[in-house]
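Features as listed in Swiss-Prot:
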{"type": "DISULFID", "residues": "21-69", "note": "disulfide bond"}
{"type": "DISULFID", "residues": "35-84", "note": "disulfide bond"}
{"type": "DISULFID", "residues": "38-122", "note": "disulfide bond"}
{"type": "DISULFID", "residues": "46-100", "note": "disulfide bond"}
{"type": "DISULFID", "residues": "50-102", "note": "disulfide bond"}
{"type": "DISULFID", "residues": "105-112", "note": "disulfide bond"}
{"type": "CARBOHYD", "residues": "25", "note": "N-linked glycosylation site"}
{"type": "CARBOHYD", "residues": "42", "note": "N-linked glycosylation site"}
{"type": "SIGNAL", "residues": "1-20", "note": "signal peptide"}
C-alpha cells in the first residue's frame, strides 16, 4: 500500500513540477502558390506541457504570462517541391526546432491562437506523395 501511495505522490509531483516540453517529430504540409498542390515533409517541433496558472484576481502590476511549450532555437531548411512548372520557384524554406523550453509565446514568429489551422492543412486540397 505504501508503494502505491508513493507512486501516486511521485506522479503528482512529476505532473506539477516537471515540464515535459521537448522536441517531437511531426509531418507538415508545405505548399507553393505556383505549384497548386501540397507535399508532406517530416520535421521537428516542440510539444508537451508547461506548468502555468491563471490567477483569479488580476493584478495590473504583475502581468499574468501563460507559459507554453515553444522553440528556444530554430534552424531553417530548404526543400525543392517536385513537379512544379519549370518557370515556378520550387524552393520552400521551413523552420526546424532544435531546442525547446517553456516560455511566453512570441506572436511575431508563432501562431499563438488557441486553435490554428494545424500542420497538415493544405489550401489546395491536393496532396502529392
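Keep in mind that glycine also has a Cβ here, set from the backbone N, Cα and C atoms.
Because the structure is a prediction, the values reported are computed rather than measured.
Features as recorded by Swiss-Prot, highlighted on the structure.
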{"residue": "21", "record": "disulfide bond", "DSSP (3 states)": "coil"}
{"residue": "35", "record": "disulfide bond", "DSSP (3 states)": "coil"}
{"residue": "46", "record": "disulfide bond", "DSSP (3 states)": "strand"}
{"residue": "69", "record": "disulfide bond", "DSSP (3 states)": "strand"}
{"residue": "84", "record": "disulfide bond", "DSSP (3 states)": "coil"}
{"residue": "102", "record": "disulfide bond", "DSSP (3 states)": "strand"}
{"residue": "112", "record": "disulfide bond", "DSSP (3 states)": "coil"}
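Most buried of the disulfide-bonded residues 21, 84, judged by other Cβ atoms within 10 Å, is 21. For residue 84 (disulfide bond), the spatially nearest entry among the disulfide-bonded residues 102, 112, 122 is 122, judged by CA separation.
If you compare Cα positions, residue 21 (disulfide bond) sits closest to 100 out of the disulfide-bonded residues 35, 38, 100, 105, 112.
Within 10 Å of its Cβ, the residue among the disulfide-bonded residues 69, 112 with the fewest other Cβ atoms is 112.
DSSP classifies residue 122 (disulfide bond) as coil under the three-state reduction. Ranking the recorded positions 25, 46, 100 by Cα distance from residue 122 (disulfide bond) puts 25 first.
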